[in-house]
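Novice: According to Swiss-Prot, the (6S)-5-formyl-5,6,7,8-tetrahydrofolate binding site annotation covers Arg22, Glu79, Lys119, Lys453. Taken from Swiss-Prot, the feature K(+) binding site applies to Asn225, Thr244, Ile246, Thr249. Positions annotated as GTP binding site by Swiss-Prot: 225-230, 244-250, 269-272, 334-337. Residues annotated as Mg(2+) binding site in Swiss-Prot, with sequence analysis given as evidence: Ser229, Thr250. The domain 'TrmE-type G' annotation in Swiss-Prot covers 215-376.
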Amino acid sequence: MTTDTIVAQATAPGRGGVGIIRVSGPKANQVALEVTGKTLKPRYAEYLPFQAEDGTVLDQGIALYFPNPHSFTGEDVLELQGHGGPVVMDMLIKRILGIDGVRAARPGEFSERAFLNDKMDLTQAEAIADLIDASSEEAAKSALQSLQGQFSQRIQTLVESLIHLRIYVEAAIDFPEEEIDFLADGKVSGDLQAIIDNLDAVRKEANQGAIMREGMKVVIAGRPNAGKSSLLNALSGKESAIVTDIAGTTRDVLREHIHIDGMPLHIIDTAGLRDASDEVEKIGIERAWDEIAQADRVLFMVDGTTTDATDPKDIWPDFVDRLPNSIGMTVIRNKADQTGEEMGICHVNDPTLIRLSAKTGAGVDALRTHLKECMGFSGNTEGGFMARRRHLDALERAAQHLQIGQEQLEGYMAGEILAEELRITQQHLNEITGEFSSDDLLGRIFSSFCIGK
């Protein structure tokens with residue numbers, strides 16, 4: 001339990017019908033007494049005036065008191081539900097901050113206290129922020145699944161399996177004369193493979209959850225007048241970019257946030273790439289390259305009426321040479337309605353080639369399907385959970401150590417090395433739920449939350 005009491009507005013700033021102020025800590029009951037003038041009945045809504053120190057009424061509304069440990073934070077919690085005007089909220093917060101021992105909450109501090117008081121684990125705490133930030137119905141459902149503990153349960157199942165296997169392996173190590181027989185009887189190998197398979201399934205679901213949370217950054221790049229802005233408009237379903245026959249119309253970066261079957265995409269249109277003499281256009285081209293360097297995928301736009309080539313190295317070798325190897329590329333042969341080429345995905349080599357008409361929209365559905373496939377997005381997120389980059393990293397490290405352990409078991413019957421790899425694997429999994437997390441990591445996570453959460 002912490003010794004200080006915190007206060008913050010729990011509802012979004014600005015005007016609204018209702019505004020909620022949340023107080024958590026050992027002085028929550030004292031705050032209730034001083035602001036409402038009475039001792040509140042636990043877990044009971046009372047309509048009361050909210051008073052200044054001199055007894056004048058600042059507002060009136062509903063007061064709710066939740067004594068520890070049966071509250072969101074696990075501490076004594078007070079909620080004041082008043083009128084949602086910013087002036088009223090500010091007056092009430094100033095009134096509460098005037099009470100000795102009460103301070104303003106840091107961003108995410110209520111959720112942090114809930115985590116520290118074992119009211120939720122770290123993935124559930126993160127899911128609160130993800131639920132608030134959800135940009136689609138599918139993302140909200142996934143965040144809610146994580147908040148309800150689905151991701152945590154999957155991790156806990158893995159950890160329990162690891163613990164049982166570690167006990168067996170370490171017992172074998174304690175009896176050196178029988179260690180080889182223990183390790184070679186097939187149980188260890190079978191249990192280890194089952195854990196690896198289970199972890200692979202969790203990683204696949206977590207990758208879907210990360211896509212749902214973070215989206216995919218797709219940059220449309222190419223020479224001027226290749227149809228980049230027309231493709232942005234076709235994908236977004238609206239006239240986001242100005243389209244003309246004049247080369248260099250787009251001089252800055254244009255962004256649109258869209259969804260394809262629930263998968264969030266950040267589509268970025270960039271200035272046409274060429275040797276420009278105009279200073280403004282030069283700046284736009286440099287910004288284009290900056291965006292390309294940060295992309296998950298680049299759509300390399302080609303005007304199909306100017307070349308028959310399909311290999312980007314034949315079309316523009318300098319572009320291919322400058323593109324980072326880690327970034328996937330799809331070649332888009334635009335204006336297929338004018339060249340008479342067959343629309344859609346023409347082959348699935350690297351890079352994939354798609355023929356379409358950004359102007360008419362023909363072939364654009366094939367591109368949408370292709371983008372989902374590039375991210376490994378199935379679209380079947382019912383029951384899925386939300387995941388973050390740190391979760392994927394921890395799962396990846398866990399998988400690597402399991403692989404090392406399996407190699408040591410199968411190749412050398414090295415029980416001690418296997419036991420150590422299992423221990424490290426468990427440590428990485430515990431980082432996800434917060435059972436083993438540094439204070440620095442916790443600080444970074446909760447500081448990104450809203451104040452009042």
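Keep in mind that glycine also has a Cβ here, set from the backbone N, Cα and C atoms.
Note that the structure is predicted; figures quoted are calculated from it, not measured.
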Novice: List the Cα distance (Å, whole number) between Ala271 (GTP binding site) and Ser229 (Mg(2+) binding site).
Specialist: 9
Novice: Same chain only, sequence gap of 6 or more: which residues have a CB within under 8 Å of the CB of Glu79 ((6S)-5-formyl-5,6,7,8-tetrahydrofolate binding site)?
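Specialist: The answer is Ala10, Ile20, Ile21, Arg22, Val23, Ala63, Leu64, Phe66.
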Novice: Here the binding-site residues are Arg22, Lys119, Lys228, Lys335; which one has the lowest number of other Cβ atoms no more than 10 Å from its Cβ?
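Specialist: Taking Arg22, Lys119, Lys228, Lys335 as the binding-site residues, the minimal 10 Å Cβ count falls on Lys119.
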Novice: Compute the C-alpha separation of Lys335 (GTP binding site) from Asn225 (K(+) binding site), stating it in Å without decimals.
Specialist: 11
Novice: I need the most crowded of these binding-site residues: Asn225, Ser229, Ala271. Count other C-beta atoms within 10 angstroms of each C-beta and give me the top one.
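Specialist: Of the binding-site residues Asn225, Ser229, Ala271, the most buried by Cβ count within 10 Å is Ala271.
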Novice: From the Cα of Lys119 ((6S)-5-formyl-5,6,7,8-tetrahydrofolate binding site) across to the Cα of Asn225 (K(+) binding site), what is the distance in angstrom?
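Specialist: Answer for this pair: 57 Å between alpha carbons.
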